[in-house]
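Once you've had a glance at the structure underneath, I'll fire off some questions.
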Ligand SMILES: Nc1nc2c(ncn2[C@@H]2O[C@H](COP(=O)(O)OP(=O)(O)OP(=O)(O)O)[C@@H](O)[C@H]2O)c(=O)[nH]1
Ligand SMILES: [Mg+2]
């Protein structure tokens, strides 16, 4: 028997973004050639796409852990890291994606429908990208952001036009086997069908699909028999067909009682009340069956059902049945057109993610929340003073400083953003004007040359090498050339900072 899996939990890990690189160009005669640290690559994302050839989630059952690759780190000489590889997972038509808590993220219907379920982390910018007119050679780079990590539940709700429901052995599988090319297992014991079968039916120029689900018995709602778990496969049908056994051997069973019992289970499942229904009285090839069918037909019609007497064995009455089904399906399609296939489902993302909120928690910590701000925190290398200063500057510009002050935060109060907690020190002034590599609010342990001092030193070096060049031009001796080639590199930082 082929295994059928229609519900799985997936553990997804999108790729992390690569870190940006801190590097300063080193070149002959150009000791401080400017920042050339490349950007980190973006982490690979994970996308689901509907493949109509698939009918089970079996593959995921065996491979529930899915991980996309990370972005590469940036490197010197403006080399950007490679992007991680996106993963595309094929899922059957009608797959519903939910969070572990049961919130529906997407309902994937139609060949080619795609949904990015886990986004890769952004790569961090290298120091070349972070440079501007005021911050010419940043001594820091952004960290790559972690990729989305989450668990999702995939649930398959088959997309069929017609759903067959009925007691075990009523002949549902027999029926689908004679009206379509499906070849389900058929036998005279209950619960022959353990997993849903789908068949494609052709009636005139109309084509529709039929789902045969495992039989129901009274009490299915409370888990009797195979329970009702498979009813999710008829949730999306446009018409339900009650397959009633007109020749059931048990004395207490008759088509009307069977119908009531199945209806009671459908009602317990819920959500199917409005679905149009047809009634099929099967097994009329058996003489008693035909008699019984003729006896109950008026009652069924009185209840408003269209009734079809058929035999899956002799194929009597099947033509009328399939044409009636085609008609009902067509009617339904007119009223409720199928969703356009090949849609791309994007999780709603705020267009403007720069908003933030500040709340004080029970312990008096000021908690700042906002997608953009939390991203900045993840991008910051807290071991690097300059990076911290850059962050502080960004926070001030977006208004976090002011808002904290308005909320009553005072210097030294704890503030939490994302996973980081700080003591709040209101920005005293514009940090950019402070010495490079050091933020004015961080304690200065040992002396670092100020920007002015560096500039002076650089000027002095330039004059010296210009002299050598002049000297070289006038006499051209080998020694002078060698002298000029002597590296006069002075950089403040290591090539990379990771
Ligand atoms: N004589 C006769 N027997 C039928 C007819 N349809 C089905 N059967 C028989 O009834 C038995 C059950 O048929 P299935 O098609 O397996 O019934 P089912 O409703 O799919 O049953 P489950 O899968 O257990 O829910 C088999 O032995 C079939 O051969 C019919 O029209 N006439
Ligand atoms: Mg069956």
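Just so it is clear, glycine is given a Cβ too, placed from its N, Cα and C backbone atoms.
Whatever TrEMBL says is automated annotation, not expert-curated.
Note that the structure is predicted; figures quoted are calculated from it, not measured.
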Which is it, of 424-460, 461-497, that TrEMBL names as region 'Disordered'?
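The range carrying the region 'Disordered' annotation in TrEMBL is 424-460.
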Quick test of your reading of the structure: among the binding-site residues 169, 192, 193, 283, whose CB sits under 6 A from ligand 2?
192, 193
Only counting partners 6 or more residues apart, tell me which same-chain residues put their Cβ under 8 Å from the Cβ of residue 169 (GTP binding site).
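The list for residue 169 (GTP binding site) reads 188, 189, 190, 192, 215, 245, 248, given in order along the sequence.
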Give me the DSSP three-state residue breakdown of the domain 'OCT' (348-426), ordered helix, strand, coil.
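Counting residues by DSSP class gives 30 helix, 16 strand, 33 coil.
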Looking only at DSSP and grouping its letters into three states, which state does residue 172 (GTP binding site) belong to?
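For residue 172 (GTP binding site) - judged by DSSP and reduced to three states - the answer is helix.
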My understanding is the cutoff is Cβ-Cβ under 8 Å with a sequence separation of 6 or more in the same chain; which residues meet that for residue 172 (GTP binding site)?
164, 165, 166, 193, 212, 213, 215, 243
Of these binding-site residues, 173, 192, 193, 311, which scores lowest on Cβ atoms within 10 Å?
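Among the binding-site residues 173, 192, 193, 311, the sparsest Cβ neighbourhood within 10 Å belongs to 192.
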Which binding-site residues from the set 195, 214, 283, 311 come within 10 angstroms of residue 173 (Mg(2+) binding site), judged by C-alpha positions?
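Within 10 Å Cα-Cα: 214.
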